[in-house]
Amino acid sequence: MELSIFNILDILGTIAFAISGALAAMDRRLDLFGIFIVAFVTASGGGTLRDILIGDTPVNWMQNTIYIYLIGVVTVLAIIFRNKINYLKKSLFLFDTIGLGVFTITGVEIGVRSGLDPIISIALGAMTGTFGGVLRDILCNEIPVIFRKEIYATACIVGGLVFVIMHSLGAKLDVIYVTTALIIIGIRLVVVKYHISLPYYYISEKP
Amino acid sequence: MELSIFNILDILGTIAFAISGALAAMDRRLDLFGIFIVAFVTASGGGTLRDILIGDTPVNWMQNTIYIYLIGVVTVLAIIFRNKINYLKKSLFLFDTIGLGVFTITGVEIGVRSGLDPIISIALGAMTGTFGGVLRDILCNEIPVIFRKEIYATACIVGGLVFVIMHSLGAKLDVIYVTTALIIIGIRLVVVKYHISLPYYYISEKP
Amino acid sequence: MELSIFNILDILGTIAFAISGALAAMDRRLDLFGIFIVAFVTASGGGTLRDILIGDTPVNWMQNTIYIYLIGVVTVLAIIFRNKINYLKKSLFLFDTIGLGVFTITGVEIGVRSGLDPIISIALGAMTGTFGGVLRDILCNEIPVIFRKEIYATACIVGGLVFVIMHSLGAKLDVIYVTTALIIIGIRLVVVKYHISLPYYYISEKP
């Protein structure tokens, strides 16, 4: 694994998602091992789903040991600094958004590289970006937050769309990565700052 | 993808399951994107599990873009007509049953075609038919309805059994499809009409 | 499938996990089919995840019909003797621990045999040993017990570590199996007897 911009972003994303998983697990008062599991699942779940759907096995974290060590270290640090991290929720939010952006990009790129249809590649990217958080919430027995708050996955989809368009126009990969990541991060920052949310619908009880 | 009877039934099943997912999501007051996700997972979950277990990757919906577009359109229509659909629960129930039957058949057929043991093919069929609904209920944080009501999966198993028997007797595939689908639909209609349920057992608290 | 010590332990493990799933399902008052599903998922979930992650498909239970029959028989017996089994919780606990140990070993061994890094093999073993129980708890809509009680997965990890060390020292496979299984069983027995638990951490609400 060489250290390209891509890999650096990937590692940042893994760290951010691992922290978010560890925080959720401590919030649920899980024990040491439970915290590690939730951190691991949150950080590696998206990439694992991506690799399984595409048939690229053994999955990525089984081939690069760096992820398991990284998540272990992050878990320990998250436990030690748990009350401080809580204050740092804003920077956590930023890291989480970086992770969302980067993991989305890995999914879209692998889809495009595998010759899949652009819209399928975008769906794969959105799943890669969001599935870790969904698993985290299922393990913690809550309705996945992705369904409740902010335009979380929508940012992935818009970013994925830009990725696919730039790619079909022949833009350089590095440029695509940075642009797409900035778009996803930007959308999420704006959405949360201005409390924008998608409309929701419900079935009227007395028609 | 050519349009055989099989494909037409498959598309009907996808539509029905997508509607059922969208309704469940609106009942939970999820936002626009959440509704689409639950509809997508409900409609494609069974086939995805089938393809992953059998090792046929990239999974089916990644290779045929029609599914993702279809589910998107169904989601929008389900939102627009949400209160009307609610009145139409009986026809939804019929569509859902068609989906159950058809998806079961795809699973059994792929199992048989892959040279798996008949009972394994039936299990694969039952999983293909029911897993989408299980995922839907897990995402919506409920005990899967499959465990609580009606002889849902049992219908799949009986249908799968008939499929395997007819196949071993050398019947034509078209005939097998239609017969098996009608049996599954028939069982479910009768079971629900006459409130038949499987026995349940529990551990007595004071022995 | 020849009957080595390994296979015998594997079958014992399948039986134990199937009983544990059936008991959990009866506790939730699921119907006959629901009980079978939960028993099946608990007993085969770990091995299925292992095979999917590693890319060894169709997964194991699809290639050896013995598992599906075995789980079916165990489910029926568990229902018939449900109140007696409840008294036998101690022997169930022992069986469950045997299953945990054996399934962990299958995961570690397959990881090592596939040329994966030792720590990845241990992780694969721990997942194989514990995932069935996690699925059981998710299906029954509870926070996975693995996160709440005893040093469940930690025993797997210690056992996996011993497996990897003995393997790298060139010990015979049979010896490794028995030693590792005994270590996992021993740790769990001691931990439960003396109420040892891992520390847990939480975020202080008023810092």
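Yeah, the Cβs are placed from backbone N, Cα and C, and that goes for glycine too.
Going by TrEMBL, these are the annotated features:
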DOMAIN    B:8-82  domain 'Glycine transporter'
DOMAIN    B:94-167  domain 'Glycine transporter'
TRANSMEM  B:6-25  transmembrane segment
TRANSMEM  B:32-49  transmembrane segment
TRANSMEM  B:61-81  transmembrane segment
TRANSMEM  B:93-112  transmembrane segment
TRANSMEM  B:118-139  transmembrane segment
TRANSMEM  B:151-169  transmembrane segment
TRANSMEM  B:175-196  transmembrane segment
- Query: Taking pairs 6 or more apart in sequence, does the count of Cβ pairs under 8 Å between the transmembrane segment (B:151-169) and the transmembrane segment (B:32-49) hit 3 or more?
  - Reply: no
- List the helix, strand and coil residue totals of the domain 'Glycine transporter' (B:8-82) as derived from DSSP. 63 helix, 1 strand, 11 coil
- When counting Cβ pairs under 8 Å to the transmembrane segment (B:6-25), the leader among B:32-49, B:61-81, B:93-112, B:118-139, B:175-196: B:93-112
- Which numbers of helix, strand and coil residues does DSSP report for the domain 'Glycine transporter' (B:94-167)? 61 helix, 0 strand, 13 coil
- In this predicted model, what is the average pLDDT of the domain 'Glycine transporter' (B:94-167)? 82
- Which residues of the same chain, at least 6 past either end of the transmembrane segment (B:93-112), have a Cβ under 8 Å from a Cβ in it? 6, 9-10, 12-17, 19-20, 43, 46-47, 50, 54, 56, 118, 120-122, 124-130, 132, 152, 155-156, 159-160, 163-164, 167, 173, 176-177, 180-182, 184-185, 188-189, 192
